[in-house]
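Enquirer: Okay, here's the structure, questions in a sec.
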Amino acid sequence: MTDQLLLGQTLRFSSDPFSGDPEAAAHISARGGVLVRNGRIAAVGEADNLRRDNPIATVTDHGDHLITAGFVDGHMHYPQTAMIASWGKRLIDWLNTYTFPEEMKFANRAYADEIAGRTLDLALANGTTTLTSFCTIHPGSVDAYFEAANARGMAVVGGKTCMDRNAPDGLRDTAKSAYDDSKALLEKWHGKDRITYAITPRFTPTSSREQLHVLGALWAEHPDCLMQTHLSEQIDEIAWVRDLHPQARDYLDTYEAADLLGERGLYGHSIYLEPREIDRLAEVNAAVVHCPTSNTFIGSGLFDMAGLKARGIRTGLATDTGGGSSFSMLRTMAATYEIAQLRGTALHPAQLMWLATEGSASALHMSGQIGSLNVGAMADIAVLNLASTPAIAQRSAHANSLWEALFPTIMMGDDRAIAAVYVAGKAV
Ligand code: GUN
Ligand code: ZN
């Protein structure tokens, strides 16, 4: 394959913009370029230099559009795509009323294939090149998702959602079948092509102690897999966990007691954390995943980004579709900004962009592989039009810096701002 040279404005990071001056962590070039070779980023730099050094590369000039790493969604539910924006409920009612009936449909493999393909296409249209998804209890829903990702060449994370109680008939497995099915699926998929398997107990209320324990044992047998679940999303949910586990010190302890707390664990939401839970997450270097449009949509609460980042806790960013109300990581960054404002912190656009790319990649232990424009990363790339609507264009037209030009797209942009997407160097 001949080398490919993408030209435009470029944005990449050499460090975490939460530790120190956010702008110093970023490298921006008003006339930069990215050289793609065999699906990876082979060079980044100034457009003129890259052209001179690579005279036979195929050039795609994106003008003054912004070339950035493709977005990495650190937590979502592809089976909830068709019921996004369902009205009027909070978490437990929302699950029972809208979510579980929809997830029941994934017993039908053809339906799973249709929604998996639809979800990945919606993600790509929004500049998201990696999804981290819960599937349903049905093993076929996992095959559908990974096959659809492979057909698109995408790096994805996912796993069979396990639940053996507090879910309707037809949507429960058992401790044994959860272990057996998850083991068979991870042996089939983990590490194949660009697939990463995540052992996936939905959350404490829907797993018996026995199920949590066998999934902890499975993770210990396959420690290179990720583990994803939910933690402390709503007050009622936490009270329910306390009723179900009166002996537990806190919500996280219900996972910890089952060996489901670890460095490769992803704890979605993590809003109402006790000091001990924060200490333990920090000690084991686990990752939390912020789902801001979901947290406002289902009325969950205000995630403490500044506090958790100050404790050094690895933090990813996610849509949480369909609890989240958008497929767009731009909308997700806007909601992140708004929630942080309500907590008294103004996040810098560099911090928002980093969270949506390298932050999520780091939560997934894929730093340097995805979510990055640095040399050696896979060429999963999004190209942003910073003047995609009249309202955005009239604001960015008189910006004095790239940050000022980008921020209106973060706050007001959507899929119209995605000018191009590349997956492993191939234009979508
Ligand atoms: N907690 C347990 N399951 C879910 C889910 O599907 N969505 C959200 N937002 N929270 C959950
Ligand atoms: Zn979720």
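Backbone N, Cα and C define each Cβ position, glycine as well.
This is the feature table in TrEMBL:
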DOMAIN    32-55  domain 'Aminodeoxyfutalosine deaminase/Imidazolonepropionase-like composite'
DOMAIN    67-428  domain 'Amidohydrolase-related'
Enquirer: With helix taken as DSSP H, G or I, strand as E or B and everything else coil, how many residues of the domain 'Aminodeoxyfutalosine deaminase/Imidazolonepropionase-like composite' (32-55) land in each class?
Expert: 7 helix, 13 strand, 4 coil
Enquirer: Short question: which residues 6 or more past the ends of the domain 'Aminodeoxyfutalosine deaminase/Imidazolonepropionase-like composite' (32-55) have a Cβ under 8 Å from it?
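Expert: Non-local partners: 1, 3-10, 12, 67, 372-379, 381, 422, 424-426.
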Enquirer: Average the pLDDT scores across the domain 'Amidohydrolase-related' (67-428) and report the rounded value.
Expert: 98
